[in-house]
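To start, the structure under review is shown below, and the notes come after it.
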Amino acid sequence: MSNSILSKLNVGERSPVNRTHSSRTEAEKSSLFRFVRRKINSPWLACVPLTALIVAIWNAAAIAQDTEIVNITVETVNENVATLQGTLNAIWILIAAILVIFMNAGFGMLETGLCRQKNAVNILTKNLIVFALATIAYWAIGFSLMFGSSGNPFVGFGGFFLSGDHTNYGLSPFPEGLPVAVFFLFQVAFSATAATIVSGAVAERIKFNEFLIFSVLLVGIAYPITGHWVWDAGGWLYTMGFMDFAGSTVVHSVGGWAALAGAFLLGPRLGKFVDGRPGAIPGHNMGFAMLGCLILWIGWFGFNPGSQLAADQACAYIAVTTNLAASAGGLTATFTSWLKDGKPDLTMVINGVLAGLVGITAGCAGVSYWGSVIIGGIAGILVVYSVAFFDKIKIDDPVGAISVHLVNGVWGTLAVGFFNMEKGLFYGGGINQLIIQIVGILAIGAFTAIFSFVVWAILKQTMGIRVSGEEEMIGLDIGEHGMEAYTGFVKETDSFGSAVSGATVPE
């Protein structure tokens, strides 16, 4: 019995009293667990708002810091964009300057092709050396007379030998970041163009030394003074509102007036006028002439768009108006010479293209596409009749430089008063701009013509400007340079020394 009782006690058969006590104990343990858990969790629950506050403060600080960083970044980006734009401007103007400088090769090819082979070396030498002379003369005094900020409305002064900065030359209107050196190079290319124009009109009879002297004075004094009137912000024509975007007058008419004075005082070539009537003296290489024209056409895409002085979208518009005018000039000159003389003359086609380019140069940035076609088309017609006119009055111009650059430089400058989309007469701008254009043409023409005539006359009286008749007959290649452009060829000439054919030397 005792074992049975023990087994019951040890095996676990509990009485109802024991089961009740056990249930109460478990409930108490559960309640205690929940109590303890609540006590333990309460501090962590209190940390939730604090944590949220810390996170909010952290985010606010981060946002403020990010805003500051964004502001700094925007300022840095703007500075970098401005610097990049300035660099692009400088690169574009440098490329444009190189294109304009290469136009000297075009002038050399054009003039050589339209003249006789016995004068080819002389013409090539003049076109090459004139750029070197122009660079030195314009560097020494020309750039300062044109843009020096210490001058007055009639002439600039200060910063000779390119010794100043933007403040010395008054370049503040020009785009930010454009170096003075780049602007100088672009302008010196323009100045050389004015002197090169003269070379063609006085070709085949001008003394080499005297031509160089005149070129230095033109580029160093006359061209910068009139250029100051128009392109410097303090110039009197600039203040008046005269418009010549890329130089129909400042470059081309100036060169044309100087050429006219020189051709007049030189007189015609031997054999040009027989019994008072003009005779043809054909050029020796039309291939050279055509190639020269094409080089000039390409170079004009630096000449006109480069005058924007910035690498922006306006350059493309200017390039299109320039190309349209050149094309229209070439076409109208072709058909005009065809109708006038019965056949299309290649020399007139060439001069028509160049006339269109000269004509659009003043207004290329401010006329419509249709306006550029009309301006170029009229220029092509003018050049054909202008060449005939100067022949009639016995002004001998071997390459038609006066007709291309002077006549159409004047026309292109006048055309601004008609076709400019803001101030032109045909666009409701009234006659005021046209009057201003006429004043500028007359003022620059009078100054340049008088200056050139006086200088040529002094040179003629003191040193002589024309080679001897014998030297002209032999050719300036031998007389002035002691060499020939084409060795190994026999040159057949007419009674006036004009080469009419060539043949290889027989063995």
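Counting starts with 1 at the first residue shown.
Even glycines carry a Cβ here, placed using N, Cα and C.
According to Swiss-Prot, the features are:
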REGION    1-23  region 'Disordered'
TRANSMEM  44-64  transmembrane segment
TRANSMEM  128-148  transmembrane segment
TRANSMEM  154-174  transmembrane segment
TRANSMEM  178-198  transmembrane segment
TRANSMEM  211-231  transmembrane segment
TRANSMEM  245-265  transmembrane segment
TRANSMEM  286-306  transmembrane segment
TRANSMEM  315-335  transmembrane segment
TRANSMEM  347-367  transmembrane segment
TRANSMEM  370-390  transmembrane segment
TRANSMEM  399-419  transmembrane segment
TRANSMEM  438-458  transmembrane segment
- Long-range Cβ neighbours of the transmembrane segment (245-265) (under 8 Å; 6 or more residues past either end): 190, 193-198, 200-202, 206, 214, 218, 222-223, 226-227, 230-231, 303-304, 306-307, 358-366, 395-397, 401-402, 404-410, 412-413, 440-441, 444-445, 448-449, 452-453, 456-457, 460, 465
- Task: Answer with yes or no whether the transmembrane segment (347-367) touches the transmembrane segment (286-306) by the criterion of at least three Cβ pairs under 8 A, sequence separation 6 or more.
- Result: yes
- Comparing 178-198, 315-335, 399-419 for Cβ pairs under 8 Å with the transmembrane segment (370-390), the winner is 315-335
